[in-house]
Amino acid sequence: MAQALLVPPGPESFRLFTRESLAAIEKRAAEEKAKKPKKEQDNDDENKPKPNSDLEAGKNLPFIYGDIPPEMVSEPLEDLDPYYINKKTFIVMNKGKAIFRFSATSALYILTPLNPVRKIAIKILVHSLFSMLIMCTILTNCVFMTLSNPPDWTKNVEYTFTGIYTFESLIKILARGFCLEDFTFLRDPWNWLDFSVIVMAYVTEFVSLGNVSALRTFRVLRALKTISVIPGLKTIVGALIQSVKKLSDVMILTVFCLSVFALIGLQLFMGNLRNKCLQWPPSDSAFETNTTSYFNGTMDSNGTFVNVTMSTFNWKDYIGDDSHFYVLDGQKDPLLCGNGSDAGQCPEGYICVKAGRNPNYGYTSFDTFSWAFLSLFRLMTQDYWENLYQLTLRAAGKTYMIFFVLVIFLGSFYLVNLILAVVAMAYEEQNQATLEEAEQKEAEFQQMLEQLKKQQEEAQAVAAASAASRDFSGIGGLGELLESSSEASKLSSKSAKEWRNRRKKRRQREHLEGNNKGERDSFPKSESEDSVKRSSFLFSMDGNRLTSDKKFCSPHQSLLSIRGSLFSPRRNSKTSIFSFRGRAKDVGSENDFADDEHSTFEDSESRRDSLFVPHRHGERRNSNVSQASMSSRMVPGLPANGKMHSTVDCNGVVSLVGGPSALTSPTGQLPPEGTTTETEVRKRRLSSYQISMEMLEDSSGRQRAVSIASILTNTMEELEESRQKCPPCWYRFANVFLIWDCCDAWLKVKHLVNLIVMDPFVDLAITICIVLNTLFMAMEHYPMTEQFSSVLTVGNLVFTGIFTAEMVLKIIAMDPYYYFQEGWNIFDGIIVSLSLMELGLSNVEGLSVLRSFRLLRVFKLAKSWPTLNMLIKIIGNSVGALGNLTLVLAIIVFIFAVVGMQLFGKSYKECVCKINDDCTLPRWHMNDFFHSFLIVFRVLCGEWIETMWDCMEVAGQTMCLIVFMLVMVIGNLVVLNLFLALLLSSFSSDNLAATDDDNEMNNLQIAVGRMQKGIDYVKNKMRECFQKAFFRKPKVIEIHEGNKIDSCMSNNTGIEISKELNYLRDGNGTTSGVGTGSSVEKYVIDENDYMSFINNPSLTVTVPIAVGESDFENLNTEEFSSESELEESKEKLNATSSSEGSTVDVVLPREGEQAETEPEEDLKPEACFTEGCIKKFPFCQVSTEEGKGKIWWNLRKTCYSIVEHNWFETFIVFMILLSSGALAFEDIYIEQRKTIKTMLEYADKVFTYIFILEMLLKWVAYGFQTYFTNAWCWLDFLIVDVSLVSLVANALGYSELGAIKSLRTLRALRPLRALSRFEGMRVVVNALVGAIPSIMNVLLVCLIFWLIFSIMGVNLFAGKFYHCVNMTTGNMFDISDVNNLSDCQALGKQARWKNVKVNFDNVGAGYLALLQVATFKGWMDIMYAAVDSRDVKLQPVYEENLYMYLYFVIFIIFGSFFTLNLFIGVIIDNFNQQKKKFGGQDIFMTEEQKKYYNAMKKLGSKKPQKPIPRPANKFQGMVFDFVTRQVFDISIMILICLNMVTMMVETDDQGKYMTLVLSRINLVFIVLFTGEFVLKLVSLRHYYFTIGWNIFDFVVVILSIVGMFLAEMIEKYFVSPTLFRVIRLARIGRILRLIKGAKGIRTLLFALMMSLPALFNIGLLLFLVMFIYAIFGMSNFAYVKKEAGIDDMFNFETFGNSMICLFQITTSAGWDGLLAPILNSAPPDCDPDTIHPGSSVKGDCGNPSVGIFFFVSYIIISFLVVVNMYIAVILENFSVATEESAEPLSEDDFEMFYEVWEKFDPDATQFIEFSKLSDFAAALDPPLLIAKPNKVQLIAMDLPMVSGDRIHCLDILFAFTKRVLGESGEMDALRIQMEDRFMASNPSKVSYEPITTTLKRKQEEVSAAIIQRNFRCYLLKQRLKNISSNYNKEAIKGRIDLPIKQDMIIDKLNGNSTPEKTDGSSSTTSPPSYDSVTKPDKEKFEKDKPEKESKGKEVRENQK
């Protein structure tokens, strides 16, 4: 590859394409064709050379090719890619060096490549302006498409657009040709789009087709053309299409699961949602007289009356009239009801009747399969599902909650997250591919450098021979060198014109130089910029190193990490193609950084953090050198006159940083230390070129050397110039005006200011100011007093002043030039300027929004808060990566918005009365572009169903369904999941660990550290004085030789920093060191000394955890009180593994936990008290040897054995469950059930006593120390305390006290005690506890992030949500009646000035509002209020403030998409961390070992089973053969599927005939399945019931038969019997193994199976949380007013109802509705005096604070944490499952092996005869299959044999496995392990002693054969002698030709005795396997024969 690239660089590589070129190509092609025979041409596809990826059409020319000569721009050139050397193509390049490839055949049969017309077309096509023009046209066209009612003149504009598009296509067709050859117009799929758009335009124009607007919508596709024009978008769309392809399996699985659930729904709820409450007809109507006939089933299916006595009452009309149904206020649909006991009941005077249409315009139902499927899809995407849930439960009964639980957990969580998992994996693969490509390119580049180096060496050798040398001194010489190089090779990286300019400049300069030489020496500053640039480039031509002492204009980047890519058009792409590894040593550098190990470019994602952080700098991408490193951290030895010193930023990139006068010239050229004159500099510079001058004499050598130099020079130059973003004049300007160093006095001032401003304490002060300022801003609220608001104003002024002062001082200290080099400073500057601007404009109306900019100050916290920094970085990274994706998303949204507007806009206008009673457009419509956009955005947020109903009602079902489903699937499921995948990928642990920006500790920590140090110092001094005063000899622990110190962890954030800054900085910006508990001593680890970590196992390395998370705590600050404790802590510390760059803090195990985890050797209780106690109170220590002490000790031992006994634990668990269950009975009916109440009271006392007893026993048994150091014991202790307190209070009669009552609610925590007792839940909880620090961190960051939006909301909407409502109707007054507050008050009692419940009146309320918006629940009301708001004290007007929607859109994107998904990221990340910590075995395995290990794991778990013997009876045998065939299985599956289809056809309102037909068909199926059952029973006999699936079939068949006869009865008492048919679908799972194509789906199901145990644990935990919250809810919200989401079925009155509500909120659905009534705190919203019959409670008001806390905490716990754990498990297992399926051997392969084995070993002896082995190997499926002829391979496997020539199954399997996986050293160890496991799982395994092996046996056989043959030969010779003497006599007579005869005899003899005949019989002895029955033995024998002979030969040769 590299050769191919390197051969032609230089101008000669570009050759114009001429007729000769074409002829040459044709000639080459013909030659090649002649060379290759036809066959080979077909076969060669695999090994064909591939086109060079760098020279693909559309890419830019790699700049190794240099410039295109101007005369060749836009001209046809010969193809550069060797791949096309004999293809008819040519290339054209435009000025931007983009490559266009064309076919060299005639376009449209007439235009040859050299035809002038075609040439002009090509010139136009490749010109950059052409694509610009098209792009502008498309954008303008898009703008015109958004007009809903375009004016008439737009018609002409349309024609213009069509004209331009036609012109574009014509040009393309003329230039490229139409469609026959490669690279023609229609060969590019994007052009199909153009073509169809143009054709459509003309068709709609000239042919009048009915619905033109539908066709006009196709114009929207023009927006897609932007994709084809913008290069980056094509790749993203590629990725999207890839992920959609990958989604096919998930889609199939999803559709299948949804169909199954839809069928179940269809059977369960068909027709239920039409049950309504009908008013009893008036008593005098004819209805009363025949009531009975209505309810005795005389209604036919249409609800009309069947022959009843002639009456005037028309039942059909009566139920058809909607006014007779019971409708709740504010609802569109009538109230549903059900006839079950637990279904919804009707009010008095109403009956429950099935009539009318379904809810929501009739679209929500389970009446037909299609509607049921839609309902299920809606459940899966969880959109407004609470509505469906409530309707269904109300109509069918609460028990059906189980159906929803299943669908939500298995359907929704699992399937939706599978989609996410697949998209994420597709993205990950795409990413890997690009990374690999980049690495490959880098390797290629390295290769090229090597080649250049070789060429250079050769050149030098040539040059050395030549004697003459030319004096080469002075810059002029250099100029000439460079000049000649440019002439010799136009390999420059800039265009020729630039070269000319440069040359001109250089000549002028040389001219000047001659005159101004003296001046130049004395004034180095004025050196012309260009020459410096020329000369500053020192590079040694060594492939890996490039030394430069060049200072760049930006301190963050430097030459050493060249971020441009050699061959890719993206200059700033993340993965640079090559990186120069640099070593730079500089005058003032503190350290000599030599880092050749890591390339500076390596992507942070691509490498895990190394354990030895201090050793590496090459970790994160590009980061800023902090300003502190610029000035305050100068090395003490440096004078302040600004000599350079270098800092190494995190990439190992050396940036030269210096004081104010560091820049000695505009580009920062620095003369090396000690050089006085320029000549020296020049000499040094030239010497480093390393190109010997002699060689320049030899012209060819000179040319070559120069071209080498110029290649590199130009590469560098281009780089450097790309770095210098501005023209040189700006640098001169900057030098004069932006760098202030005029006089010494000023420099002193500057130095002083510098010292002050850069001090860490100032940073701390500023941070505190930021926090205070944020608090001040957050204190705004409505209504505010004058005084308060003036305080806030003054505060704002003060803070603005402080920040302005900070900025001014920093500018003085650092110079504007340097100040603005750093991101944070620019950010500060912008904020300060905005604040000042806002002060000036504060009185201007409408500019109050500027105040919101102050909020950005909050982000300054990120500087010192790593997690916030990380979040901003992640958002930054993602936004970078998401740039293109966002564009794609925007295009998709745009297209759908326009499509919606074009298709449905008119319908909304015309049919609006169908969806709105007052015939005005609803808020969500598609009549104009903005509203259309909002609807599409809402669909992306996952809310599609409600807007779709409206659409279907006004514009017809099919179109709406198609459009909405497309938006949903493409936009929401694919693109948004890609978003999430990107987020998760930028969330790799590296980003988490490497939070700090540079290798500096941030100033805050230094400041806090200093304070800590001061405090410690004071403490120590005081302690010393104290000790001197009171004790003579202080007790000091002697620490010997530091060996005990070794293992103690260092203070986590490394605060001890000496003044000389000699601490070590590691990659995380924290100091790594090892020290004692709180001693000041630090072990500074030398970088080169890191090996000691490895060699000294007692040394624990703490890899610091992201700073800031550790809260600067010292990990073990407790003073060690004794040697033993020190030892103990040492052991503990060694046991804990510090997290590796994780977000998990290291938690030291406490003593109690240790007691739990370590197996006890002997049953001895631990010490009662801690050693500290015993020291202070010596009487606590009792001798256990005699007297009372001994009795006490024995008592403790007894207690210990009781407590440790299993039964005790079981009993306690039982008690916990009972006591928790008892809590569930305390609902609102407890007062009426007196007996239960008294029982519960007694039970409560009993439980309390039992728990107290348990606690006392544990105290005695474990001792206080153990008990109180265990977290679970503390939990028990606190819960028992609560019970105890309430018990005592009851006894004293204080039970009615408020405090005691609230304490009683804490009893709800009792179930928590079950946590520690259930292993599964404990695991989950431990994982959660581990994640708490990082979850908290993310929560905090989210709060900060949201704070900004909340304050902004307060600024925008505080007090503006108030409105005036009519008290009687509850409706809002129109603005014509009431305009403001005073108008409303004037109306008196009938009106009320009321606020929206969830509002933005203060920051707290704002948070709640934002949470509702972020979870998309209740957000509509908030948005409507915001959009309608006008101003404080003014009545709102409909959509007055329309663009406020954008505030919410922006918040949803940042606040919801980003921050909420961060939770998933953090939890997944934590999961991986935890797994690394605990499941350590995987980490220490190589990939190879893992493969073997996994294969063995699967292998060990299987063993050969006895197959079901074939019956002896002939008839049974035939049936057996029929039944055990695969075909039989598959046909049964097809029947099952057909059965499903017939079930799908059922509908609620089908006719009688249809019902009859379906029942007959069902009968047929039952007969068929019964037939299957009978056949299997006959053939398999009693073995039938040994297989699980068969039992399943049997049960289903029996149920179906029973169901047929007893259908009515079963339906009455149980569920509909048709459900059993659905269950049959489970059998499809069996068939998946047989279908090769279903591997993907199998993987998905396998992932689900793997996840189940974990999901079960998480489910348990969720249930526990729900249980606790349900009890809490019952005790607090049982009596609230029934409104919004709380009604007679969904409430907190009973335990069941609470659980139903909480399950609904688990997915955050409808929590706003449940919260609304609880927010009613005073009249007139609720009545505090309502009487509740049967209970003593008064009033129905809620408690807002408790309610908000209850719901918000529940949502955070369940929706954000537990449900995300569920997601994390699925993602994790999906990736594991995909890995497994990618492994060479899967479970199925082993299963298949054993299945085939059963046929060859019917008695399960575990042995097989050697003779059968060949057939066995051939009968397997790949990959284990060894096809015939396979004897040689099998013998070569050297399998051990036992007596009787038998081989054990394990040996065979092992050998075959080895063959698949390849040889490996680890096999033997694994083999032994595996045999042990096999023996363990198979006690029946015969222990056998192999007596020989196949290879040995064969050798023996062959040896025998050779002996035999030789002996025969001997016999033969003897006989020949005899025969020949007889023959000789005859020969003389008959002249027989003797030699022929002799041959014949020998043949004859040979034929009689084939030595290997015995072998041939092998195949006949095998049992009737599938193969052996089908092939006649003879054929097999023939096949094996030649093989045997060849084998014999081989072996013979070997033996020789």
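Keep in mind that glycine also has a Cβ here, set from the backbone N, Cα and C atoms.
Listed features, source Swiss-Prot:
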COMPBIAS  662-678  compositional bias 'Polar residues'
INTRAMEM  370-386  intramembrane segment
INTRAMEM  930-945  intramembrane segment
INTRAMEM  1403-1419  intramembrane segment
INTRAMEM  1700-1712  intramembrane segment
REPEAT    1508-1806  repeat 'IV'
TOPO_DOM  1-128  topological domain 'Cytoplasmic'
TOPO_DOM  175-188  topological domain 'Cytoplasmic'
TOPO_DOM  207-213  topological domain 'Extracellular'
TOPO_DOM  236-249  topological domain 'Cytoplasmic'
TOPO_DOM  387-397  topological domain 'Extracellular'
TOPO_DOM  425-761  topological domain 'Cytoplasmic'
TOPO_DOM  813-822  topological domain 'Cytoplasmic'
TOPO_DOM  843-846  topological domain 'Extracellular'
TOPO_DOM  1227-1238  topological domain 'Extracellular'
TOPO_DOM  1321-1333  topological domain 'Cytoplasmic'
TOPO_DOM  1357-1402  topological domain 'Extracellular'
TOPO_DOM  1678-1699  topological domain 'Extracellular'
TRANSMEM  129-146  transmembrane segment
TRANSMEM  189-206  transmembrane segment
TRANSMEM  788-812  transmembrane segment
TRANSMEM  957-983  transmembrane segment
TRANSMEM  1239-1260  transmembrane segment
TRANSMEM  1302-1320  transmembrane segment
TRANSMEM  1334-1356  transmembrane segment
TRANSMEM  1443-1468  transmembrane segment
TRANSMEM  1527-1545  transmembrane segment
TRANSMEM  1588-1605  transmembrane segment
TRANSMEM  1618-1640  transmembrane segment
TRANSMEM  1745-1770  transmembrane segment
Point to revise | Model confidence over the topological domain 'Extracellular' (1227-1238) (mean pLDDT, whole number) | key: 91
Review point. What are the DSSP helix, strand and coil residue counts for the topological domain 'Extracellular' (1357-1402)?
Key: 10 helix, 11 strand, 25 coil
Review point. Going along the chain, which residues at least six beyond the ends of the transmembrane segment (1334-1356) come within the CB cut-off of under 8 Å?
Key: 774, 777-778, 780-782, 848-849, 851-852, 855-856, 858, 861, 867-868, 871, 992, 1109, 1143-1144, 1400-1403, 1406-1407, 1409-1410, 1426, 1444, 1447, 1451, 1454-1455, 1459-1460, 1462-1463, 1466-1467, 1469-1470, 1756, 1761
Review point. Mind checking how the topological domain 'Cytoplasmic' (1321-1333) divides into helix, strand and coil residues in DSSP?
Key: 13 helix, 0 strand, 0 coil
Practice item. Return yes if the transmembrane segment (1443-1468) and the transmembrane segment (1239-1260) have at least 3 CB pairs under 8 Å (sequence gap of 6 or more), otherwise no. Key: no
Exercise for review: State the non-local partners of the transmembrane segment (1302-1320) in its own chain: residues 6+ outside its ends, Cβ under 8 Å from one of its Cβ atoms.
Suggested key: 1209, 1212-1213, 1216-1217, 1219-1220, 1223, 1272, 1275-1276, 1279, 1282-1283, 1285-1286, 1289, 1653, 1656-1657, 1660, 1664, 1667-1669, 1671-1672, 1675-1676
Point to revise | Chain residues outside the topological domain 'Cytoplasmic' (175-188) and at least six past its termini with a C-beta under 8 angstroms from it | key: 57, 87-89, 101-103, 105-108, 111, 118, 121-122, 124-125, 169, 195
Practice item. Could you tell me what the rest of the chain brings near the topological domain 'Extracellular' (387-397), counting residues at least six beyond its ends with Cβ under 8 Å? Key: 268-269, 272-273, 275, 335-338, 340-344, 359, 364, 366, 375, 378-379, 404, 1689-1690, 1700, 1704, 1709-1710
**Study point:** Cβ contacts under 8 Å made by the topological domain 'Cytoplasmic' (236-249) with residues that lie 6+ beyond its boundaries
**Key:** 227, 419, 422-423, 425-427, 430, 884-885, 887-888, 974-975, 978, 1640-1641, 1643-1644
Check your understanding: Are there residues at least 6 beyond the ends of the topological domain 'Extracellular' (1227-1238) whose Cβ is under 8 Å from a Cβ of it, and what are they?
Key -> 1674, 1678-1679, 1693-1695, 1732, 1734-1736
